[in-house]
Amino acid sequence: MANPVVAIVGRPNVGKSTIFNRIVGERISIVEDVPGVTRDRIYSRAEWLNHSFYLIDTGGIDIGDEPLLVQIRQQAEIAIDEADVIIFMTNGRDGVTAADEEVAKLLRRSNKPVVLAVNKIDNPEMRDLIYDFYALGFGEPYPISGAHGTGLGDLLDAVVRHFPKGGGQEYEEDVIKFCLIGRPNVGKSSLVNAILGEERVIVSDIAGTTRDAVDTSFVREGQEYVIIDTAGMRKRGKIYESTEKYSVLRALRAIERSDVVLVVLNAEEGIIEQDKKIAGYAHEAGRGVILIVNKWDAIEKDDKTMVEFERKIRDHFPFLDYAPILFVSAKTKQRLHKLLPLVRLVSDNHAMRVQTNVLNEVIMDAVAMNPTPTHNGRRLKVYYMTQVAVKPPTFVAFVNDPELMHFSYERFLENRIRDAFGFEGTPIKIIARPRK
């Protein structure tokens, strides 16, 4: 289930960034007293009453046709489009302004749940200022103070009441869920269309957790697959494509709902820092990962090109050394027949369990081959290991002292496990615990 998205929206200078920082608990947004200073949408994960959600801080919506104001308004509209719930921020000291009324019109058109917050109510005597805000038509206004942090509990209680119940679309355990992530113009949509284009069975679009996230379900060789958030990839337009924060948020939510993540790279443009960042999200989430190099038809090649490109990938993504690499072309369908079998293999590995007795034979052989490290005259002792979880495969090593488990030795044990059992395409976690 993907976390809901909450957007804080309002005209400039009502204190959106201060409230964002209060809820998230970190000072992420730049807070200045100049209208229009939060130019890009900033988002972070937040929690309230066991509800985890993404919070987006938007630039102030100002009615005007200066290029920057137009851009801020477009960014805020994207945030509204993405949100499950909107916090409409106003400033109690200013009363209801014409700009507030314009924002209210925009929010009414969105048909999203709106919780009205009246900021800068810094003491009880100021509470009477909230009554004018009923006129905006969003029900009860919640008095809050960004300066003192008061009133936020009631506000967040109201917000979480609007969260989707039951977490949206759930799929059967044996359905393989995967998503395609990558920066703009790497060919994600073309790849999806190429995968589905060969399909001879009925392709159905299934509504996901957000209003416009559509998942696409299909069957190939008896296996049901779901491509998560095909709607997000099909969204077009300069603003969507150029807004990195928009695409990152969308990618994070797709990753959360997937078993396997296809990180798509562009063969023509090579690898850039943004690719690394995007791939990092999939790795940190513990999902199965496949690196897809698209547009392979578009570059000149000799017999060394693929090997050199693969070496570059391994240099740029050392944390994904377990991920297989597939060179494809959505345009010419080159190697596309290998893609779904690889997704299936990685999904199986991601959910694989190994027998404890076989695992411990491997671990004891590894320890005999490469003795455990010592620290301050004390040697690490590994008594036994057991697998405690899948998706990703997670192992607990029972040892004399977890502090003695150096990351390099942990890495050595991981490599021995991979040599013995495969686990291609999936991260592995090893946790050292003291034997009771």
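The backbone N, Cα and C atoms fix where each Cβ goes, glycine too.
Keep in mind that this is a model prediction, so the values were computed, not measured.
In Swiss-Prot this protein carries:
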BINDING   10-17, 57-61, 119-122  GTP 1 binding site
BINDING   182-189, 229-233, 294-297  GTP 2 binding site
DOMAIN    4-167  domain 'EngA-type G 1'
DOMAIN    176-351  domain 'EngA-type G 2'
DOMAIN    352-436  domain 'KH-like'
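Checking the binding-site residues (GLY182, ASN185, LYS188, TRP296) against THR58 (GTP 1 binding site) with a 10 Å Cα-Cα cut-off leaves nothing. Spacing of ASN185 (GTP 2 binding site) relative to GLY10 (GTP 1 binding site) is 32 Å (Cα to Cα, whole number). LYS16 (GTP 1 binding site) falls within a helical segment according to DSSP. Here the C-alpha separation of LYS188 (GTP 2 binding site) and ILE121 (GTP 1 binding site) works out to 47 Å. If you take the Cα of LYS16 (GTP 1 binding site) and the Cα of TRP296 (GTP 2 binding site), they are about 45 angstrom apart, rounded to a whole number. DSSP gives TRP296 (GTP 2 binding site) a helix state.
For LYS16 (GTP 1 binding site), the number of other Cβ atoms no farther than 10 Å from its own Cβ, over all displayed protein chains, is 26. Cβ-based neighbour count (10 Å, all protein chains) for GLY10 (GTP 1 binding site) stands at 27.
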